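Feature annotations, courtesy of Swiss-Prot:
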- 15-16, 90-92, 122-123, GLN248, SER297, 302-304, ASN310, ARG336, 341-345: N(6)-(1,2-dicarboxyethyl)-AMP binding site (BINDING)
- HIS171: active site, proton donor/acceptor (ACT_SITE)
- SER296: active site, proton donor/acceptor (ACT_SITE)
Amino acid sequence: MELSALTAVSPVDGRYGSKTIALRSIFSEFGLLKYRTIVEIRWLQKLAATAEIAEVPAFSAEANQFLDAIAANFNEADALRIKEIERTTNHDVKAVEYFLKEKVAAMPELHAVNEFIHFACTSEDINNTSHALMLKEARDTVILPEIRNVIDAIRKLAEEYRDIPLLSRTHGQPASPSTMGKEMANVAYRMERQYKQIANVEILAKINGAVGNYNAHLSAYPTVDWHKFSEEFITESLGVDWNPYTTQIEPHDYIAELFEAVARFNTILIDFDRDVWGYIALGHFKQRTIAGEIGSSTMPHKVNPIDFENSEGNLGLANAVFTHLAQKLPISRWQRDLTDSTVLRNLGVGVGYAIIAYTSTLKGISKLEVNRDALLAELDHNWEVLAEPIQTVMRRYGIEKPYEKLKELTRGKRVDGEAMRQFIDGLALPAEEKTRLKAMTPASYIGYAIELTDKL
C-alpha cells in the first residue's frame, strides 16, 4: 500500500492530515534533515569567520551564498539523497555530513575545507540544535498562532455575551448568577497566562562535544575560547538560547517546560469544551446546523456537540504524549543513553493532536448561538438564588439569624418572586432597602460580571 490519508497508521497524518499540514515541514523526517543541514552549514560558516582557525579561511561572498542557498532551498530530493546515503552509513547524522560534502564538491573553495563539515561535533550537537530550531519554529509559527485564535474566539464570545445573565452552578446546583460573557472571560484570562508562559520558555541548545567539555575542540585549537564560540554560535548563528552546562546531550528540561505549559493550556481548553458541552445540553446554547450534516445514523433529529467532543478527545491524547515527553526526556543515564532518541522523534505527535483539537474547538465555537430565552426562563425558575443577597443585607442591619431564616425559606425548595417579596416585606429593614431588594431579580443579581468582562 502507498502511504496516503487512507493508509496512514496515525490519524494525525491520515484522517486529520489536512489540519496538521503546517507541521509536516517542521516535525517530519524531512524537517529534521532540513534543520540538521542548516546547523551543519552554519557551523562551517562560523568556523570560517574565526581568524584563529586559519585552516578554514574566511569564505568569499560567493561561498557563503552557495551555502545559504543549500539551506534555503533544501527540498525533498535533498532529503531523499540523505536517506540514500544513510542506507550505506547506517548513521543518519553522518549521512548529512556526506551529503554536504557532495554538495560543496561543486565549489573548489568549499571543497578544500570539506573535512571541517561536522568538525569536533558529536551527533547530539547537531541533533539538539536541530530540535531547538524545530521547536522554536513550531511554537512561534504554529502553536502560538493557533492558541491565539482560540483565545480570540473566546474573547469574542465574552464581548458578545457580556450582559446575558446566566444561572451559575456550583456542585451542579443553582448558585449566584453571572453572565455568559463573564464565564467566557474567566477562560480567556486563564488562557492568556498560559500563552505568555509558552511564549517565554527558553529554547535551549548546546554545541560542546561528546561529553560537554569541548575535549576535541581544545585538542585541535587550544587557543580558541570555545566556550564563548559556542555561545555565539547558539545565540547568534542559530537564534536560540545557550545552555553552557551539559553532558553529551542537552538535558531537555526546556522541552519539558514547553510541553508542560502547552499541556496546561490544553487542560484549560478541556475545561472549556466540557462546560460548553454542558451548556449545550442544558439548552443555553443552540448549534447552527450545516446543510447535509447528519448527527446520528438512527436519530434524524440529533445535532450533537461533536466539535467540542473531538477537541476534548484529542487534547487528552496530546497531553498524554506531552506528559511522557516531559517525564522521560530530562532523564538520561550518566553522560547519555539513547532512550531519548526514539522519543524525540515524536515531538510532533503531541503537537499534532493539539492542533487538531484547537481547530475543532474553533469550529464548534463558530456554530454557537446563545439561547437568551432559555437562560432567562431558567433564572426566573430559580428565585431562591436571591437568598444570598437578602441574608447579606439582613446581616448588615443586625437582624437575628438571617442565614437560618433564608435557609428555612429556600433550601431544597422552589420559591417564586412573590414569595421572596413577601418575605422581604416582613423584615425590619429600612424602606429604601426593602425597595431595592424587591426590585432585584435573578437576572439582575450579577454583581460586577459585566464590568469585569469589559476590563478583560
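Cβ coordinates come from backbone N, Cα and C, glycine included.
Looking at ASN310 (N(6)-(1,2-dicarboxyethyl)-AMP binding site) and HIS171 (active site, proton donor/acceptor), their Cα atoms lie 25 Å from each other. Cβ environment of HIS91 (N(6)-(1,2-dicarboxyethyl)-AMP binding site): SER123 lie under 8 Å away, each six or more residues apart in the same chain.
For the pair formed by HIS171 (active site, proton donor/acceptor) and ARG345 (N(6)-(1,2-dicarboxyethyl)-AMP binding site), distance between Cα atoms is given as 43 Å, rounded to the nearest Å. Reduced to three states, the DSSP call for ASN310 (N(6)-(1,2-dicarboxyethyl)-AMP binding site) is helix. Sequence-distant contacts of THR342 (N(6)-(1,2-dicarboxyethyl)-AMP binding site), defined as residues of its own chain at least six apart whose C-beta falls under 8 angstroms from its C-beta, are absent. Sequence-distant neighbours of ARG345 (N(6)-(1,2-dicarboxyethyl)-AMP binding site): residues of the same chain at least 6 apart with a C-beta under 8 Å from its C-beta are LEU32. Reduced to three states, the DSSP call for HIS91 (N(6)-(1,2-dicarboxyethyl)-AMP binding site) is coil.
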